[in-house]
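Q: Here you go, one structure.
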Amino acid sequence: MKHLLSTEDLSLANAVRILDTAEEMSTVGEREVKKLPALRGRTVVNLFFEDSTRTRISFEAAAKRLSADVINFAAKGSSVSKGESLKDTAQTLSAMGADAVVIRHWASGAPHRLAATDWIDAAVINAGDGTHEHPTQALLDAFTMRRHWTRLSGLPSTGADLRGMRVAIAGDVLHSRVARSNVWLLRTLGADVTLVAPPTLLPIGVEQWPCSISYDMDETLEKGVDAVMMLRVQGERMNASFFPSTREYSRRWGFDDNRLRALDRLGLKDTIIMHPGPMNRGLEISAAAADSPRSTVLAQVKNGVSIRMAALYLLLSGDTREPATTLKESN
Amino acid sequence: MTPVTQAPVPARVVLNQADIDRALTRIAHEILEANKGSQDLVLLGIPRRGYPLAVRLAQKIAAADPAVDASAIVGQLDVTMFRDDLSSQPTRPPHHTQLPLTGIDNKVVVLIDDVLYSGRTIRAALDALVDLGRPRIVRLAVLIDRGHRELPIRADHVGKNLPTSSAEKVRVRLEETDAVDGQAVNEVVIEGGA
């Protein structure tokens with residue numbers, strides 16, 4: 001692996017490797033010295049063309065825990081607002097000696113462009129591009145699910161996949177890069193994914209995706225699910241009338257108090273409620289659901305740092321001059 | 001014309017199962033002797049093969065001193081993130097670090113590895129240890145010392161000193177980590193060299 005651009009082309013072996021490495025990284029937060037020297041002297045640039053709090057902070061925390069130097073770059077207040085192109089920005093960063101670029105961009109495919117050209121010779125990590133992919137979010141979701149899933153079965157989480165787990169992803173699939181990344185990754189890991197959304201918020205061609213589609217939240221819950229992932233209603237991308245009113249959306253597609261009670265009624269005592277954040281409380285998720293013991297929202301944020309540490313470590317630690325082959329045994 | 005290749009040098013077994021067992025028994029008693037008993041002892045194995053050796057040593061120490069609970073003094077210390085060759089080697093996935101419940105502060109920590117060669121793994125282990133706590137004493141026990149040190153590091157307890165050329169490979173096979181076709185093996189072999 002040289003770049004982490006999408007989960008669609010991530011192999012099962014690599015996905016499990018990232019999850020296993022994250023498992024080891026998660027123990028660093030509990031140690032006396034919460035820092036590893038693995039990436040000492042490496043420079044990680046956070047290149048954010050779009051607003052973000054948790055992803056940027058999460059990447060920054062991850063890089064710092066691995067002793068890398070972090071440069072934060074926000075498009076606002078930079079030369080980008082003076083009209084500088086992505087190419088010139090990338091070449092500027094390259095000249096400053098960036099070893100990895102964590103990029104979030106409003107245009108789908110911007111990270112691929114950066115990785116495919118010779119503008120910059122650095123590892124590129126996609127931190128969300130347009131409505132395309134957000135691979136580290138999907139990996140941290142899968143990590144959270146794997147911990148839950150293996151805890152239920154009593155197996156060690158290292159090396160495990162998600163075979164047999166039923167996951168419902170509900171809400172604004174049309175604009176959601178999180179949903180796309182999750183569908184590809186969860187398919188690779190062997191989980192059954194159901195997308196639950198109003199027809200107006202499903203993209204064209206969704207029937208070709210490796211998942212099933214439902215238009216009815218209650219019906220999906222009744223069939224039984226092990227994890228429900230609520231997606232944020234993206235107000236900033238709502239440029240047409242996708243649903244009549246927020247109250248109707250909340251009643252039909254949101255995870256409200258009635259549906260929280262329904263989980264108990266249906267005997268789904270181990271079902272978790274996930275949300276990538278930031279949450280619109282009262283719209284796609286009720287406060288009671290967000291704060292219930294089933295909610296994994298804060299665990300997801302915590303696991304995000306471990307996943308991003310794993311990704312940075314696996315992309316940056318090895319000798320990148322030659323393709324990684326089998327592990328050399330050394331004494 | 002077929003290229004002339006050097007005839008492969010057959011692998012030589014230098015320690016068999018009984019030899020390994022005797023060496024470990026002696027090291028276990030040496031550890032107890034150097035520590036004047038079993039108080040505050042913690043054995044930390046370095047993955048992969050240091051850990052099963054640490055478990056075996058703990059069992060031998062427990063056999064010699066009934067006051068010791070073998071599983072309570074053994075741990076595993078991963079040194080991957082502290083290596084000095086991370087940027088020149090292919091990516092290594094990290095292993096698990098597991099300390100005994102008592103921790104390592106003010107303990108007598110014995111680091112255990114299979115082969116002592118350049119000394120760089122042990123340097124990394126000492127760095128890893130500092131980040132986890134502050135042991136009173138740190139000692140080093142290895143099954144094989146093959147020489148060719150690149151750092152000022154010396155083992156306190158050695159199973160066997162094995163003079164080797166650096167072209168040779170020393171392979172330790174343990175039944176816990178290297179079962180071949182379900183066949184349990186416990187041996188140390190030298191491969192290659194001229």
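Cβ coordinates come from backbone N, Cα and C, glycine included.
Remember, predicted model here, so these are calculated numbers, not experimental data.
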Q: Have a look through A:Arg104, A:Arg166, A:Arg247 and flag the one TrEMBL assigns to the carbamoyl phosphate site that A:Arg54, A:Thr55, A:His134, A:Gln137, A:Gly277, A:Pro278 belong to.
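A: Within the candidate list, TrEMBL flags A:Arg104.
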Q: Which numbers of helix, strand and coil residues does DSSP report for the domain 'Aspartate/ornithine carbamoyltransferase carbamoyl-P binding' (A:2-146)?
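A: Taking the domain 'Aspartate/ornithine carbamoyltransferase carbamoyl-P binding' (A:2-146) as a whole: 62 helix, 27 strand, 56 coil.
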Q: With an 8 Å cut-off on Cβ-Cβ distance and a minimum sequence separation of at least 6, pull the same-chain contacts of A:Arg232 (L-aspartate binding site), or say none.
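A: Set apart from A:Arg232 (L-aspartate binding site) by at least 6 residues yet with Cβ under 8 Å, we have A:Gly171, A:Asp172, A:Ser176, A:His275, A:Pro276, A:Gly277, A:Pro278, A:Met279, A:Asn280, A:Glu284.
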Q: For A:Arg54, A:Lys82, A:His134, A:Arg177, listed as binding-site residues, tell me which one has the smallest number of other Cβ atoms within 10 Å.
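A: Comparing Cβ neighbour counts within 10 Å for the binding-site residues A:Arg54, A:Lys82, A:His134, A:Arg177 gives A:Lys82.
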Q: Do you know offhand how many angstrom separate A:Arg177 (L-aspartate binding site) and A:His134 (carbamoyl phosphate binding site) by C-alpha?
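A: A Cα-Cα distance of 6 Å.
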Q: Tell me, what is the mean pLDDT of the domain 'Aspartate/ornithine carbamoyltransferase carbamoyl-P binding' (A:2-146)?
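A: Mean pLDDT, the domain 'Aspartate/ornithine carbamoyltransferase carbamoyl-P binding' (A:2-146): 92.
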Q: Distance check, please: Cα of A:Arg104 (carbamoyl phosphate binding site) against Cα of A:Lys82 (L-aspartate binding site), rounded to an integer number of angstrom.
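A: Rounded to a whole number, the Cα-Cα distance is 19 Å.
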Q: Tell me which residues of the chain lie with their Cβ under 8 angstroms from that of A:Gln137 (carbamoyl phosphate binding site), as long as they are six or more apart in sequence?
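A: In sequence order, the residues whose Cβ lies under 8 Å from that of A:Gln137 (carbamoyl phosphate binding site) (at least 6 apart) are A:Thr55, A:Gly128, A:Arg177, A:Val178, A:Ser181, A:Asn182, A:Pro276, A:Gly304.
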